[in-house]
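TrEMBL annotations:
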type: DOMAIN; residues: 22-151; note: domain 'Photolyase/cryptochrome alpha/beta'
type: BINDING; residues: Y252, Q311, L312, I313, W314, R315, E316, Y317, F318, D409, A410, D411; note: FAD binding site
type: SITE; residues: W342; note: site 'Electron transfer via tryptophanyl radical'
type: SITE; residues: W396; note: site 'Electron transfer via tryptophanyl radical'
type: SITE; residues: W419; note: site 'Electron transfer via tryptophanyl radical'
type: REGION; residues: 544-563; note: region 'Disordered'
type: COMPBIAS; residues: 548-560; note: compositional bias 'Polar residues'
Amino acid sequence: MSKGDAKELNMPPQDFNKRYGNVSVHWFRHGLRLHDNPALLEALKNCTEFYPIFIFDGEVAGTKHVAFNRMRFLIESLEDLDRNLRKFGGRLYVFHGQPVDILTNLFKEWGVTKLTFEQDPEAVWKQRDDAVKELCEKKEIECVERVSHTLYEPMKIIEKNDGMPPLTYSLFNLVASALGDPPRPVSYPVFHNIDLPVYPDHEKKFGIPKPQTVGVFPDCKEQNNRINEWKGGETKALDLLEKRLAIEKKAYEDGYVLPNQYSPDLLGEPMSMSAHLRFGCLSVRRFHWTIHDLFEKVKPKESKPDALTCQLIWREYFYVMSANNINYDKMEGNPICLNIPWYRNDEILKKWEMGQTGYPWIDAIMNQLRHEGWIHHVGRHAVACFLTRGDLWISWVDGLKIFLKYLIDADWSVSAGNWMWVSSSAFEKVLQCPKCFCPVGYGRRMDRTGEYIRRYLPVLKDMPLRYLFEPWKAPLAVQQKAYCIVGKDYPHPIVNHKEASNECASAMNKVIESFKGKEVPHCAPSDDLEVRRFVCLPDFVSTGGSTGDSKNSGMTSPSESPIVESRKMNMSLLGPKAQIHIGAWNVRTMYETSKTAQVIKEMQHYRLDILGVSECHWTGSGKTRTNSGNIILHSGHTDSQKDY
């Protein structure tokens, strides 16, 4: 490489005071942290001189298609990493260019003897890492790769399953259990007696850029004036973890788990760890074991429920499914995805992206996505279903690209996996989204006061709650008083939901018929219960009767009569024999009577607050949550909305 090339890549000058000994470079990509970083510890072993680096290559950490919020989060994470390294006398070296070119020069100029990095297990990074490993072998540089971005090494799961990815979540859990518990976090790095050189002009040559420096600018004014500000970095991640643990602890004491999932707070301060896990600011192993240890401390006499860290296990599952599948984010050539003839309509897609569908619940979610870079999982499911098999019949691949652009926690494996599942591209007949997510009814259920819509769709801030989710139904006088005329200030609905959802259901039935009798090795749910938990609906399976819809595998329209047939819910936290029998559930207020108030409270993680119970009583001899018995819930209230 010529001197001109070195200058262009902003490399160390060749007259830099090169030292001799064991010189290690740790290459940060994901894993932007010091705690629980086994590859970093490998770099420090027998090391006399240490250089931490990050390389902007146009794709690293998902920056190939990136909007302002995620790039800002990445920059904040790098700045925090640099501050933490300064505590030990070092700095983070940032380069711009292709990794092989950068490393080739560094190996020579710094006299590098060892290169370490955390494993990036997704297929999209294999070509890059293979090229670097080949370079190390050619230059006789020790190359050490360690697993810590995931709980398990994905390829070991595949190997344990006879070389094939486990196509169901249950099978994945079975295979993973054969490998034993995931490793616990490793110790914090120690930099004693290790030289961390810093150039006098480090900031100028190797400093961390601003988003604008790498060509990423705000898309809208709201991105610089966010209501909820998500801050990147290990320091923020660990602080947030402590807050989350307090919430988790309270939930365990009250008898339930996953409070962030089963009691969605759409308006509260940012509490999700997803973006910090995505960039590796927080170790997934630390998160996993901290949650498990906390539950054991709070409930020492109880076995840990399977759901305790199921969101992390879903993350692992999607990583395994993508590990050797370069087409995982596509429909064509993706062996685990069904090939569905979706529509192509760029105009409609753009209106969905920009929050102009005419459905306030959908548009508010998409506005929050663009403005803040994050939306709750209930919002993700709603807008994904609406775009694909719920209403618009547009490919999940198009929706994925927009999520990958805006979401600060956009993850190639997890995002694509979620889109395939919600769109039913990964299984053909268990999840009937038109029966799950009505853009009006589901919005009312999740945003009962309408505050979420008013926050992220201020054009409707003065619309009465009665019409807030369906403003086109408001009389003209009401629209005028609310300063929002539908068709002028806010668009008419882009489709008629009832008609569109029926058309989508018919189209999906044709897809189902086309695959009958064929062996299609696609990713599939283990059972109906798994599907309902995935989309955060109450756990139940059909118990017979004439109102069930076989095509929906028990996911029926719940308001056919004042008292709908009984449903059963698997209540693992109430004990192995406990069951709940439900009369009707598609209403929005729960009234408690008799001695069941505490038991009901302990069951809130199953979202029984949406049940509209007017009478309930405990039957059986048991009076505690660990004894057997039944809770009978009755309601005489019905709801005209038949979709979740």
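First residue shown is number 1, and so on along the chain.
Quick reminder: no glycine exception, Cβ is built from N, Cα and C everywhere.
Any TrEMBL annotation is an automated prediction that lacks curation.
Take the recorded positions W314, W419: by the count of other Cβ atoms within 10 Å of each Cβ, the lowest one is W314. Less than 8 angstroms from the CB of F318 (FAD binding site) sit S413, V414, A416, G417, N418, each of them six or more residues away in the same chain.
There are 24 other CB atoms within 10 A of the CB of E316 (FAD binding site), with all protein chains counted. Between the CA atoms of W342 (site 'Electron transfer via tryptophanyl radical') and A410 (FAD binding site) there is a gap of 23 Å, rounded to the nearest whole number. Checking each of the binding-site residues L312, W314, A410 against W396 (site 'Electron transfer via tryptophanyl radical') by C-alpha distance, the shortest gap belongs to A410. Least packed by the Cβ count within 10 Å, out of the binding-site residues L312, A410, is L312. When the record's FAD-binding residues Y252, Q311, L312, I313, W314, R315, E316, Y317, F318, D409, A410, D411 are compared pairwise by CA position, the greatest distance found is 29 Å. For W342 (site 'Electron transfer via tryptophanyl radical'), the Cβ neighbour count at a 10 Å cut-off comes to 20, with all displayed protein chains included.
Around Y252 (FAD binding site), a 10 Å sphere centred on its CB holds 21 further CB atoms from the protein chains shown. Helix first, then strand, then coil: DSSP counts for the domain 'Photolyase/cryptochrome alpha/beta' (22-151) stand at 58 helix, 28 strand, 44 coil. In the structure as shown, the Cβ atom of W396 (site 'Electron transfer via tryptophanyl radical') sits within 10 Å of 27 other Cβ atoms.
Mean pLDDT across the domain 'Photolyase/cryptochrome alpha/beta' (22-151) comes to 97 in this model.
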